[in-house]
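Report on the structure given below.
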Amino acid sequence: MQIAILVTTVTLHFNQYECDSLADNQVMPCEPIIIERNITEIIYLTNTTIEKEICPKLMEYRNWSRPQCKITGFAPFSKDNSIRLSAGGDIWVTREPYVSCDPGKCYQFALGQGTTLDNKHSNDTIHDRIPHRTLLMNELGVPFHLGTRQVCIAWSSSSCHDGKAWLHVCVTGDDKNATASFIYDGRLVDSMGSWSQNILRTQESECVCINGTCTVVMTDGSASGRADTRILFIEEGKIVHISPLSGSAQHVEECSCYPRYPSVRCICRDNWKGSNRPIVDINIKDYSIDSRYVCSGLVGDTPRNNDRSSSSDCKNPNNDKGNHGVKGWAFDDGNDVWMGRTISKDSRSGYETFKVIDGWSTPNSKSQINRQVIVDRDNRSGYSGIFSVESKGCINRCFYVELIRGRKQETRVWWTSSSIVVFCGTSGTYGKGSWPDGANINFMPI
């Protein structure tokens, strides 16, 4: 090793950065400190690694103020293959999956049944509400294995990230007196009991936070008649305001919400009167609410009439096969609307997406373009919902489709569970395909 000895007086300028933590998880901006020293150096000519500390990035509330991305359709993004993997591994029994992202990464959520599939406890898991159900959370694309985190106790849920921490809304308890727990940054901050004593429930997809205020739609009351829907405004887990539903929507459940700065917009399920989907507009600043229905005459719920006879006047439920339904989504694109729905008009089979020209602005619009098949009509689908991803220049809309397997339709087995497939908006070109669950029911544990 060569050694060079240098004896001299020099002035060194070191740019050091201090990163002092303050209360409430705030981070002091890094400030340079100039240090001057007179030194004598012995320099060893060898390989040297110099490491510098990088200050943590200042966490900020999300505001979602960028424009919506212009898209031509949707491209495949993720598929977890949970049911296929359950044939030979310990995978949770789940339903009601959804996706939500923090500023750096996307996660998949689902309501577990307190059991894996190859387990006798999986018998009769067709039931929605039991005390053993918990909200599961994994990085998107990671199936719900035994090491999966159970975020909270819940048979109905919603989750969203405000830019600083996760908020989870978790409903559990008796049908006639359930409790909603509000968990922020891993801590229980607030709670609310049932207000109509008839299955308090929430979105089964992501809530939305703008400038630190998160909003979630909750319903308590009849699933096939008049119910009491309220919109909650939450700051760091604390309920700060509750607004009643107003406008012309008659029945609102299982909303799929997205940021439409400075407001939040939701597309929901009318389980009483309409196969056209209700819209709920939420003003974050003044807590005001308005509602109506998607104008497209190609309606989004299941069951529904055939496309020739289906209708929507933008304001009222269409009174066409309104009783029963399925969670779904749509989003506005100028005067047009992008939407997804089952291919079957009668059952949760197949899945398609398309754009309806003037479907957001003109009653009974039926001009369809850019149709894509996500799941072919011979395979089962289920719930679907929206989530938003902020990129450098715009906000992209993505959706997931629940792929239900087992009971009631597949009576060889005693369980009911699901996997998930996810697509995101693209401005590029795309091909064709079908992405069903893919499990051979004869290979599965009974």
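Here the Cβ of each residue, glycine as well, is placed from N, Cα and C on the backbone.
Matching Swiss-Prot disulfide entries to the candidates Cys160, Cys170, Cys255 identifies the partner of Cys207 as Cys160. Of the listed residues Cys55, Cys69, Cys101, Cys106, Cys69 is the one Swiss-Prot pairs with Cys394, by disulfide bond. When Swiss-Prot is consulted, the disulfide partner of Cys398, picked from Cys314, Cys424, turns out to be Cys424.
Swiss-Prot names the disulfide partner of Cys268 among Cys255, Cys295 as Cys255.
The annotation in Swiss-Prot ties Asp270, Gly274 to Ca(2+), and of the candidates under consideration, Asp286, Asp290, Asp301, the one tied to the same site is Asp301. Within 10 Å of the Cα of Arg348 (substrate binding site), the following recorded positions from the list Asn63, Asn177, Cys255, Asn379, Tyr383, Cys424 place their own Cα: Asn379, Tyr383. Here the candidates are the recorded positions Cys257, Asp270, Cys394, Cys424. The one whose C-alpha lies nearest to that of Arg129 (substrate binding site) is Asp270. For Asp128 (active site, proton donor/acceptor), the spatially nearest entry among the recorded positions Arg95, Cys106, Cys207, Cys209, Cys295 is Arg95, judged by CA separation.
Sequence-distant neighbours of Gly274 (Ca(2+) binding site): residues of the same chain at least 6 apart with a C-beta under 8 Å from its C-beta are Gln250, His251, Tyr293, Val299, Asp301, Asn316, Pro317, Asn318, Asn319, Asp320, Gly322. Counted over all residue pairs in Arg95, Arg129, Glu253, Glu254, Arg269, Arg348, the record's binders of substrate, the longest Cα to Cα distance measures 21 angstrom.
When the recorded positions Arg95, Asn177, Cys207, Cys314 are ranked by how far their Cα is from the Cα of Asp270 (Ca(2+) binding site), Cys314 comes first. For the pair Cys257 (disulfide bond) and Cys160 (disulfide bond), the Cα-Cα distance reads 11 Å.
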